[in-house]
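In what follows, a structure is listed as structure tokens, so that the remarks can point back to it.
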């Protein structure tokens, strides 16, 4: 099983941490295991509480049902159903930027 280095960043919240995330673990699950306080609600990809934005790297979020194609194309991801496929950097707390 592959493990990737996922960097979570947010300047406003003074957040910059890199977590090892297994390919079959969501980014939110890994963050919770590391006791990070990230927003979430449904844990099923059906809301926008845990939205982040991929700055670098590749992910899989095929299970999400909330984001539209344009939002996905802009790099928005739902951390509760986001699985890393490479080392990546994700900006957290991006719900206010969904338009």
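Including glycine, each Cβ sits where the backbone N, Cα and C put it.
If you look up Swiss-Prot, you'll see 4-96 marked as domain '2Fe-2S ferredoxin-type', on the strength of sequence analysis.
The [2Fe-2S] cluster binding site feature in Swiss-Prot is assigned to 42, 47, 50, 80. Residue environment of residue 80 ([2Fe-2S] cluster binding site) contains 26 other Cβ atoms, counted within 10 Å of its Cβ in all protein chains.
In the domain '2Fe-2S ferredoxin-type' (4-96), the DSSP tally of helix, strand and coil residues is 20 helix, 32 strand, 41 coil.
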